[in-house]
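Take a look at the structure set out below.
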């Protein structure tokens with residue numbers, strides 16, 4: 001009993017080999033070693049980032065500074081005085097903050113329960129992200145614009161992907177930016193965490209795919225009737241690494257660390273980075289990053305990449321970017337050490353029996369002139385003790401010309417022309433002012449490859465005409481992970497759309513070709529929407545790409561609605577995308593009406609303002625848009641617009657809004673939600689009512705199968721539910737899908753019970 005009471009033994013934060021290795025390499029400036037090691041032994045402070053593109057960003061920032069941060073001012077937790085949170089000086093517009101509280105204290109302390117509840121709730125809505133400070137750096141250095149085509153090669157669990165999506169939507173008035181993010185991960189289960197992260201931001205410009213990043217296929221797009229290979233303007237290459245920069249939060253690294261981890265990962269990291277630069281557009285930018293301090297995973301990979309690029313790549317000088325960020329320059333000299341402590345300075349010193357563990361690319365370049373031309377000092381290494389962060393490494397590469405191997409003639413035995421150099425390729429370049437970039441054409445192109453491409457095209461032509469983007473035909477693909485439903489675009493003459501168009505008086509400019517469903521047969525229960533550019537990618541690559549998720553839900557089938565002229569109600573997650581195109585069913589409401597809608601379950605019309613009652617009087621029953629516009633003459637009221645989905649009944653008007661989003665809007669209006677939540681948990685009767693409402697709502701959402709089970713937590717299961725906000729992962733779903741046909745009917749209640757209490761906040765970014 002005494003043994004159990006003691007819990008697990010404390011991990012000793014000592015590793016002799018680690019200290020010996022990094023002392024010898026000299027990555028820490030002279031006289032700072034003790035401070036470096038002391039910082040590594042301290043828990044990592046909690047950091048958060050406000051979603052910058054949301055119109056509510058200023059309101060959230062104001063709410064944080066004026067309310068939550070002030071309440072922390074005089075608190076003492078476990079004998080430690082809580083310091084006022086500080087903004088990260090190098091992050092733009094005060095949108096990132098850190099506090100001296102560790103994540104563990106934040107979760108466990110009763111005094112911080114209110115603040116923690118705020119963080120969880122706002123994270124679920126997508127208004128803030130709890131993300132490690134150093135993890136925010138790579139997306140910032142990509143310099144993303146809304147028209148950029150972006151590839152995130154190793155994206156899970158998705159906090160950097162979320163940042164990239166935010167940058168695409170820098171202008172909230174543009175519902176469909178021209179750019180998009182394709183977020184990839186090799187781990188099928190982690191892809192669902194990625195979907196969960198991305199779904200919070202409700203963007204039609206994100207696609208999650210499941211491939212090995214080192215061999216991610218070339219994608220094709222249709223450009224004025226011609227098939228061209230897709231090159232990306234920006235690539236984020238945040239590769240798998242040994243993670244010794246994360247010792248402050250992943251304390252297991254202390255006892256598990258050896259140099260062997262880096263030696264084993266170096267080859268994979270180089271292959272992924274190489275594949276990345278192959279798919280980068282000329283003039284494009286790729287950021288390579290790791291949460292490791294080890295030059296074998298960092299400078300060695302970059303040096304090898306630069307050497308074999310023969311001048312096609314260069315390291316960008318980013319010393320003037322992110323002012324306020326303390327950084328160390330990249331190093332040019334390092335040695336290789338085995339886990340037994342044996343050092344090697346050159347490849348020729350490595351005995352033949354060790355040459356499988358140690359490779360030539362792990363050593364620094366010996367030619368001084370070549371080394372100088374590489375400018376390795378332009379890389380940046382973040383040390384934990386400089387700004388109380390984790391350890392990190394970043395290098396920014398710019399592609400000046402095609403990779404040398406892309407100019408060579410393809411091999412005759414090649415099965416499919418998937419290499420970048422097999423075909424003439426043109427891609428738009430927005431960086432250097434030129435209109436196009438052309439990979440060198442291959443004159444003696446492989447005829448056999450052409451024939452095979454023709455056969456493949458004919459097999460998929462029919463399905464493309466029908467707008468069906470199914471999973472790849474390869475049987476191997478289906479052995480890994482869940483079998484995804486196809487993506488079926490709505491035909492132009494689909495009778496389903498006409499009643500929707502009429503009911504909501506959709507603008508003629510509405511891009512109905514971008515609507516899709518996830519079912520080929522039977523009733524279409526959900527309608528999703530993607531941008532025009534992602535539609536192009538989906539239609540032209542279904543045979544070679546395993547898509548996990550894309551698009552945002554814009555309409556849900558509601559059987560009650562048919563009698564009022566439209567079988568589909570609006571979905572809150574897609575309302576900000578749809579709203580610019582809707583010209584009917586809009587009810588303008590005042591701030592008091594919004595409070596009633598968000599605090600009462602099904603309020604009678606008599607409770608609303610006389611103006612609202614007049615507008616509703618002549619309107620048919622069914623789905624409505626509830627719009628609040630701020631009054632500049634009332635500065636104390638909420639000063640950002642709100643668009644809500646609602647339902648007008650015979651005698652009542654209600655909002656269809658996920659619970660955490662309700663709490664968010666109420667907080668922004670100054671309504672105290674913390675106490676309300678405690679009462680709600682105690683009030684079983686109210687809980688039962690809300691649970692029934694959630695079931696009614698979710699009864700319409702059974703079409704989405706296992707691919708959506710994780711993402712349902714924030715907007716589907718949480719919708720109208722009285723359960724406290726939960727976080728979950730796809731890991732738990734695996735055991736629940738064996739008998740999907742039986743379980744899907746009660747998926748809502750089943751998942752909410754199973755996933756309660758699960759916390760994915762510790763997943764390594």
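Placement of Cβ uses the backbone N, Cα and C atoms for every residue, glycine included.
Feature annotations, courtesy of TrEMBL:
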| type | residues | note |
| --- | --- | --- |
| DOMAIN | 36-400 | domain 'SAM-dependent MTase RsmB/NOP-type' |
| BINDING | 154, 155, 156, 157, 158, 159, 160, 185, 212, 238 | S-adenosyl-L-methionine binding site |
| ACT_SITE | 291 | active site, nucleophile |
| REGION | 405-472 | region 'Disordered' |
| COMPBIAS | 423-435 | compositional bias 'Polar residues' |
| REGION | 744-765 | region 'Disordered' |
| COMPBIAS | 751-765 | compositional bias 'Basic and acidic residues' |
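Annotated pair residue 212 (S-adenosyl-L-methionine binding site) and residue 291 (active site, nucleophile), C-alpha to C-alpha distance, rounded: 20 Å. Among 154, 155, 156, 157, 158, 159, 160, 185, 212, 238, the residues given in the record as binding S-adenosyl-L-methionine, the maximal Cα to Cα distance rounds to 20 Å. On a Cα basis, residue 291 (active site, nucleophile) lies 15 Å away from residue 158 (S-adenosyl-L-methionine binding site).
The distance from the Cα of the residue listed as 'active site, nucleophile' to the Cα of residue 160 (S-adenosyl-L-methionine binding site) comes to 13 Å. Counting only residues at least six positions away in the same chain, the Cβ atoms of 184, 185, 186, 213, 237, 238, 239, 240, 272 sit under 8 Å from the Cβ of residue 154 (S-adenosyl-L-methionine binding site). Counting only same-chain residues at least 6 apart in sequence, those with a Cβ under 8 Å from the Cβ of residue 156 (S-adenosyl-L-methionine binding site) are 185, 187, 190, 191, 193, 194.
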